[in-house]
(Lines of atoms letter the chains of each structure in order from A and count residues from 1; the text may use other names and numbers.)
(Lines give C-alpha, C1' and ligand atoms only; values in the text may rest on other atoms or scores of the structure.)
Protein backbone atom coordinates (compact mmCIF):
# COMPACT_ATOMS: atom_id res chain seq x y z
CA UNK A 1 0.00 0.00 0.00
CA UNK A 2 0.98 3.60 -0.51
CA UNK A 3 1.76 5.61 2.60
CA UNK A 4 -1.24 7.84 1.85
CA UNK A 5 -3.56 4.82 1.97
CA UNK A 6 -2.98 4.09 5.64
CA UNK A 7 -5.48 5.94 7.85
CA UNK A 8 -6.58 3.39 10.44
CA UNK A 9 -3.45 3.79 12.51
CA UNK A 10 -4.71 7.23 13.43
CA UNK A 11 -7.94 6.00 15.00
CA UNK A 12 -7.27 2.46 16.19
CA UNK A 13 -7.45 3.43 19.88
CA UNK A 14 -10.41 5.02 21.71
CA UNK A 15 -8.29 8.01 22.75
CA UNK A 16 -6.84 8.61 19.29
CA UNK A 17 -10.35 8.34 17.85
CA UNK A 18 -11.42 11.17 20.13
CA UNK A 19 -8.61 13.34 18.71
CA UNK A 20 -10.06 13.16 15.22
CA UNK A 21 -12.87 15.60 16.05
CA UNK A 22 -12.20 19.31 15.70
CA UNK A 23 -14.51 19.96 18.65
CA UNK A 24 -16.05 17.66 21.25
CA UNK A 25 -19.27 17.77 23.22
CA UNK A 26 -19.11 19.41 26.63
CA UNK A 27 -21.77 20.02 29.25
CA UNK A 28 -21.62 23.77 28.71
CA UNK A 29 -22.66 23.33 25.06
CA UNK A 30 -26.14 22.16 26.09
CA UNK A 31 -29.04 24.51 26.83
CA UNK A 32 -32.12 22.86 28.32
CA UNK A 33 -35.57 23.97 27.03
CA UNK A 34 -38.11 23.94 29.86
CA UNK A 35 -41.82 24.68 29.85
CA UNK A 36 -43.18 26.95 32.58
CA UNK A 37 -46.93 26.99 33.16
CA UNK A 38 -49.10 29.36 35.16
CA UNK A 39 -50.08 26.73 37.72
CA UNK A 40 -47.30 27.37 40.28
CA UNK A 41 -47.40 23.83 41.61
CA UNK A 42 -47.59 22.03 38.26
CA UNK A 43 -45.54 18.98 37.35
CA UNK A 44 -47.40 17.67 34.33
CA UNK A 45 -46.10 14.90 32.06
CA UNK A 46 -45.99 15.74 28.32
CA UNK A 47 -46.89 12.44 26.64
CA UNK A 48 -45.33 13.24 23.26
CA UNK A 49 -42.02 14.35 24.80
CA UNK A 50 -40.53 11.42 26.75
CA UNK A 51 -39.41 12.41 30.22
CA UNK A 52 -40.40 16.08 29.86
CA UNK A 53 -42.93 18.00 31.94
CA UNK A 54 -44.62 21.35 32.28
CA UNK A 55 -43.37 22.95 35.48
CA UNK A 56 -44.77 25.51 37.88
CA UNK A 57 -42.48 28.05 39.53
CA UNK A 58 -42.86 26.38 42.92
CA UNK A 59 -41.39 23.19 41.47
CA UNK A 60 -38.29 24.77 39.95
CA UNK A 61 -36.00 24.30 42.96
CA UNK A 62 -36.74 20.58 43.23
CA UNK A 63 -36.53 20.12 39.46
CA UNK A 64 -33.38 22.11 38.72
CA UNK A 65 -31.25 21.53 41.84
CA UNK A 66 -29.96 18.08 40.87
CA UNK A 67 -29.31 19.21 37.29
CA UNK A 68 -27.33 22.25 38.40
CA UNK A 69 -25.27 20.02 40.70
CA UNK A 70 -24.51 17.79 37.69
CA UNK A 71 -23.29 20.75 35.67
CA UNK A 72 -26.31 22.34 33.99
CA UNK A 73 -25.17 25.76 32.76
CA UNK A 74 -28.13 27.20 30.85
CA UNK A 75 -31.87 26.93 30.28
CA UNK A 76 -34.31 28.49 27.85
CA UNK A 77 -37.80 29.21 29.16
CA UNK A 78 -41.03 28.72 27.24
CA UNK A 79 -44.21 30.04 28.82
CA UNK A 80 -47.28 27.82 28.74
CA UNK A 81 -50.22 29.96 29.92
CA UNK A 82 -53.30 27.84 30.55
CA UNK A 83 -55.54 30.14 32.60
CA UNK A 84 -54.87 33.65 31.28
CA UNK A 85 -57.10 35.55 28.90
CA UNK A 86 -55.39 35.70 25.53
CA UNK A 87 -55.91 38.50 23.02
CA UNK A 88 -54.80 39.63 19.59
CA UNK A 89 -51.54 41.23 20.72
CA UNK A 90 -50.32 38.61 23.18
CA UNK A 91 -50.72 40.82 26.24
CA UNK A 92 -49.99 37.98 28.75
CA UNK A 93 -46.50 37.37 27.27
CA UNK A 94 -44.82 39.85 29.60
CA UNK A 95 -47.32 39.93 32.43
CA UNK A 96 -45.21 40.48 35.59
CA UNK A 97 -47.28 37.82 37.33
CA UNK A 98 -47.05 35.44 34.36
CA UNK A 99 -45.02 32.23 34.28
CA UNK A 100 -41.93 33.45 32.40
CA UNK A 101 -41.16 36.57 34.41
CA UNK A 102 -41.93 34.77 37.65
CA UNK A 103 -39.63 31.91 36.60
CA UNK A 104 -36.80 34.30 35.68
CA UNK A 105 -36.91 35.90 39.11
CA UNK A 106 -37.17 32.57 40.90
CA UNK A 107 -34.24 31.00 39.05
CA UNK A 108 -32.07 34.09 39.51
CA UNK A 109 -32.73 33.86 43.25
CA UNK A 110 -32.22 30.10 43.57
CA UNK A 111 -29.41 29.54 41.07
CA UNK A 112 -27.45 32.78 40.53
CA UNK A 113 -24.90 31.12 38.24
CA UNK A 114 -27.46 29.54 35.88
CA UNK A 115 -27.73 31.29 32.52
CA UNK A 116 -31.35 32.09 31.62
CA UNK A 117 -32.52 32.53 28.05
CA UNK A 118 -36.15 33.28 27.20
CA UNK A 119 -37.91 32.35 24.02
CA UNK A 120 -39.64 35.46 22.68
CA UNK A 121 -42.76 34.78 20.66
CA UNK A 122 -46.43 35.67 20.85
CA UNK A 123 -48.04 32.45 19.61
CA UNK A 124 -48.57 30.99 23.10
CA UNK A 125 -50.28 34.20 24.21
CA UNK A 126 -52.39 35.32 21.24
CA UNK A 127 -56.02 34.32 20.81
CA UNK A 128 -55.28 33.28 17.22
CA UNK A 129 -52.04 31.37 17.94
CA UNK A 130 -49.91 33.15 15.35
CA UNK A 131 -46.49 34.60 16.09
CA UNK A 132 -47.39 38.23 15.47
CA UNK A 133 -50.26 40.71 15.30
CA UNK A 134 -52.68 40.34 12.40
CA UNK A 135 -54.37 42.50 9.82
CA UNK A 136 -58.16 42.25 9.54
CA UNK A 137 -57.73 39.70 6.72
CA UNK A 138 -55.68 37.39 8.96
CA UNK A 139 -52.27 38.15 7.47
CA UNK A 140 -49.30 39.23 9.58
CA UNK A 141 -49.07 42.93 10.43
CA UNK A 142 -45.30 43.22 10.65
CA UNK A 143 -44.65 46.67 12.13
CA UNK A 144 -46.74 46.35 15.32
CA UNK A 145 -45.59 42.73 15.61
CA UNK A 146 -41.91 43.63 15.87
CA UNK A 147 -42.65 46.50 18.24
CA UNK A 148 -44.56 44.15 20.52
CA UNK A 149 -41.77 41.54 20.37
CA UNK A 150 -39.25 44.23 21.28
CA UNK A 151 -41.41 45.28 24.22
CA UNK A 152 -41.62 41.71 25.51
CA UNK A 153 -37.86 41.24 25.08
CA UNK A 154 -37.07 44.35 27.11
CA UNK A 155 -39.41 43.26 29.90
CA UNK A 156 -37.75 39.83 30.07
CA UNK A 157 -34.35 41.52 30.22
CA UNK A 158 -35.56 43.88 32.96
CA UNK A 159 -36.77 40.85 34.93
CA UNK A 160 -33.25 39.39 34.80
CA UNK A 161 -33.00 37.26 31.66
CA UNK A 162 -29.44 36.90 30.42
CA UNK A 163 -30.61 36.26 26.87
CA UNK A 164 -33.69 36.90 24.73
CA UNK A 165 -34.30 34.60 21.78
CA UNK A 166 -36.98 35.68 19.28
CA UNK A 167 -38.39 32.64 17.48
CA UNK A 168 -41.21 34.34 15.56
CA UNK A 169 -39.37 34.95 12.24
CA UNK A 170 -40.93 38.38 11.72
CA UNK A 171 -38.96 40.57 9.34
CA UNK A 172 -36.90 43.20 11.13
CA UNK A 173 -37.45 42.02 14.66
CA UNK A 174 -33.75 41.65 15.50
CA UNK A 175 -33.07 45.30 14.71
CA UNK A 176 -36.18 46.39 16.64
CA UNK A 177 -35.23 44.32 19.69
CA UNK A 178 -31.61 45.49 19.64
CA UNK A 179 -32.71 49.13 19.40
CA UNK A 180 -35.18 48.63 22.25
CA UNK A 181 -32.49 47.02 24.43
CA UNK A 182 -30.16 49.94 23.68
CA UNK A 183 -32.87 52.46 24.57
CA UNK A 184 -33.47 50.63 27.87
CA UNK A 185 -29.72 50.55 28.62
CA UNK A 186 -29.82 46.74 28.53
CA UNK A 187 -28.02 45.92 25.28
CA UNK A 188 -24.72 45.31 27.06
CA UNK A 189 -26.39 43.18 29.73
CA UNK A 190 -28.58 40.88 27.61
CA UNK A 191 -27.59 38.57 24.74
CA UNK A 192 -29.74 38.58 21.61
CA UNK A 193 -29.96 35.06 20.15
CA UNK A 194 -31.84 34.95 16.87
CA UNK A 195 -33.72 31.98 15.50
CA UNK A 196 -32.30 33.17 12.17
CA UNK A 197 -32.99 30.11 10.03
CA UNK A 198 -36.18 28.59 11.42
CA UNK A 199 -37.85 26.28 8.95
CA UNK A 200 -41.52 25.36 8.59
CA UNK A 201 -40.90 21.81 9.75
CA UNK A 202 -43.06 18.79 10.47
CA UNK A 203 -40.85 18.16 13.53
CA UNK A 204 -42.55 20.71 15.81
CA UNK A 205 -45.59 18.58 16.67
CA UNK A 206 -44.63 17.53 20.21
CA UNK A 207 -43.60 21.10 21.06
CA UNK A 208 -46.99 22.46 20.02
CA UNK A 209 -48.55 19.83 22.25
CA UNK A 210 -46.26 20.88 25.11
CA UNK A 211 -46.68 24.64 24.68
CA UNK A 212 -50.25 24.74 23.38
CA UNK A 213 -49.08 26.97 20.55
CA UNK A 214 -50.78 25.56 17.45
CA UNK A 215 -52.38 28.32 15.33
CA UNK A 216 -56.18 28.44 15.39
CA UNK A 217 -56.27 28.80 11.60
CA UNK A 218 -53.87 28.48 8.69
CA UNK A 219 -50.20 27.73 9.24
CA UNK A 220 -46.88 29.54 9.70
CA UNK A 221 -45.45 28.91 6.27
CA UNK A 222 -45.69 32.59 5.34
CA UNK A 223 -43.03 33.48 7.93
CA UNK A 224 -41.11 30.29 8.69
CA UNK A 225 -38.71 29.25 5.94
CA UNK A 226 -39.56 26.62 3.29
CA UNK A 227 -37.48 23.45 3.89
CA UNK A 228 -35.88 23.77 0.44
CA UNK A 229 -34.90 27.43 0.92
CA UNK A 230 -31.13 27.33 1.38
CA UNK A 231 -30.72 30.75 -0.19
CA UNK A 232 -33.40 32.32 2.00
CA UNK A 233 -31.77 30.84 5.08
CA UNK A 234 -28.43 32.34 4.12
CA UNK A 235 -30.05 35.73 3.50
CA UNK A 236 -31.88 35.58 6.85
CA UNK A 237 -28.63 34.77 8.67
CA UNK A 238 -26.82 37.66 6.96
CA UNK A 239 -29.69 40.03 7.73
CA UNK A 240 -29.73 39.12 11.42
CA UNK A 241 -25.97 39.58 11.72
CA UNK A 242 -26.32 43.12 10.37
CA UNK A 243 -29.33 43.81 12.62
CA UNK A 244 -27.39 43.01 15.77
CA UNK A 245 -27.84 39.33 16.65
CA UNK A 246 -25.23 38.07 19.12
CA UNK A 247 -25.89 34.37 18.45
CA UNK A 248 -27.22 32.79 15.25
CA UNK A 249 -29.51 29.76 15.53
CA UNK A 250 -30.68 27.12 13.06
CA UNK A 251 -33.88 25.17 13.77
CA UNK A 252 -34.47 22.21 13.43
CA UNK A 253 -30.96 20.79 13.57
CA UNK A 254 -30.52 17.32 12.05
CA UNK A 255 -32.30 17.89 8.70
CA UNK A 256 -30.47 21.22 8.29
CA UNK A 257 -26.83 20.39 8.99
CA UNK A 258 -25.90 22.09 5.72
CA UNK A 259 -27.48 25.32 6.99
CA UNK A 260 -25.54 25.04 10.26
CA UNK A 261 -22.40 24.68 8.16
CA UNK A 262 -23.39 27.69 6.07
CA UNK A 263 -23.99 29.70 9.25
CA UNK A 264 -20.45 28.98 10.47
CA UNK A 265 -19.14 30.54 7.26
CA UNK A 266 -21.54 33.48 7.10
CA UNK A 267 -21.29 34.25 10.83
CA UNK A 268 -17.75 33.06 11.43
CA UNK A 269 -17.29 35.43 14.38
CA UNK A 270 -20.57 34.49 16.10
CA UNK A 271 -21.53 31.52 18.26
CA UNK A 272 -23.72 29.15 16.25
CA UNK A 273 -26.67 27.51 18.00
CA UNK A 274 -28.98 24.80 16.78
CA UNK A 275 -32.19 23.46 18.25
CA UNK A 276 -32.61 19.69 18.38
CA UNK A 277 -36.38 20.07 18.31
CA UNK A 278 -39.14 18.07 19.94
CA UNK A 279 -39.77 15.89 16.90
CA UNK A 280 -36.09 14.98 16.61
CA UNK A 281 -36.00 14.07 20.29
CA UNK A 282 -39.23 12.03 20.10
CA UNK A 283 -38.07 10.31 16.92
CA UNK A 284 -34.80 9.17 18.50
CA UNK A 285 -36.71 7.84 21.51
CA UNK A 286 -39.21 6.04 19.27
CA UNK A 287 -36.47 4.35 17.27
CA UNK A 288 -34.71 3.23 20.42
CA UNK A 289 -37.97 1.89 21.88
CA UNK A 290 -38.50 -0.09 18.67
CA UNK A 291 -35.05 -1.65 18.97
CA UNK A 292 -33.66 0.10 15.90
CA UNK A 293 -30.64 1.45 17.79
CA UNK A 294 -29.35 2.21 21.27
CA UNK A 295 -30.73 5.51 22.63
CA UNK A 296 -27.45 6.85 24.01
CA UNK A 297 -25.51 5.90 20.91
CA UNK A 298 -27.95 7.69 18.62
CA UNK A 299 -28.19 10.73 20.90
CA UNK A 300 -24.42 11.08 20.68
CA UNK A 301 -24.31 10.46 16.94
CA UNK A 302 -26.91 13.11 16.17
CA UNK A 303 -25.55 15.80 18.47
CA UNK A 304 -21.97 15.14 17.38
CA UNK A 305 -23.09 15.65 13.79
CA UNK A 306 -24.33 19.11 14.80
CA UNK A 307 -20.99 19.93 16.38
CA UNK A 308 -19.21 18.62 13.29
CA UNK A 309 -21.34 20.95 11.17
CA UNK A 310 -20.22 23.87 13.32
CA UNK A 311 -22.66 24.28 16.21
CA UNK A 312 -21.22 25.62 19.45
CA UNK A 313 -24.51 25.58 21.39
CA UNK A 314 -27.19 22.87 21.25
CA UNK A 315 -30.70 23.38 22.61
CA UNK A 316 -31.80 19.86 23.45
CA UNK A 317 -34.24 17.90 25.59
CA UNK A 318 -31.41 15.38 25.98
CA UNK A 319 -29.54 17.89 28.15
CA UNK A 320 -30.21 16.08 31.47
CA UNK A 321 -29.02 12.83 29.90
CA UNK A 322 -25.83 14.40 28.61
CA UNK A 323 -25.09 15.78 32.07
CA UNK A 324 -24.79 12.13 33.12
CA UNK A 325 -23.27 10.75 29.93
CA UNK A 326 -20.49 13.36 29.80
CA UNK A 327 -19.54 12.74 33.41
CA UNK A 328 -17.29 9.84 32.45
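Glycine too: its Cβ is placed from the backbone N, Cα and C atoms.
Please treat TrEMBL annotations as automatic predictions, because they have not gone through curation.
When Cβ atoms from all protein chains are considered, those within 10 Å of residue 121 (Zn(2+) binding site) total 26, not counting its own. Taken from TrEMBL, the feature Zn(2+) binding site covers 121, 123, 131.
Taken from TrEMBL, the feature active site, schiff-base intermediate with substrate applies to 198 (among others).
Under the heading 5-aminolevulinate 1 binding site, TrEMBL lists 208, 220.
TrEMBL lists 251 (among others) with the feature active site, schiff-base intermediate with substrate.
Sequence annotations record features per position, and here TrEMBL assigns 5-aminolevulinate 2 binding site to 278, 317.
Cα to Cα, residue 251 (active site, schiff-base intermediate with substrate) and residue 198 (active site, schiff-base intermediate with substrate) are separated by 5 Å.
A straight line from the CA of residue 123 (Zn(2+) binding site) to the CA of residue 278 (5-aminolevulinate 2 binding site) spans 17 Å. When the Cα of residue 131 (Zn(2+) binding site) is compared against those of the recorded positions 198, 278, 317, the shortest separation belongs to 198. Each residue contributes its Cα atom, and for residue 198 (active site, schiff-base intermediate with substrate) and residue 121 (Zn(2+) binding site) those atoms are 13 Å apart. Contacts of residue 317 (5-aminolevulinate 2 binding site) defined by a Cβ separation under 8 A and a same-chain sequence distance of 6+ are given as 32, 33, 49, 51, 52, 276, 278, 281, in order along the sequence.
In this structure, of the binding-site residues 123, 131, the smallest number of CB atoms within 10 A of the CB marks 123.
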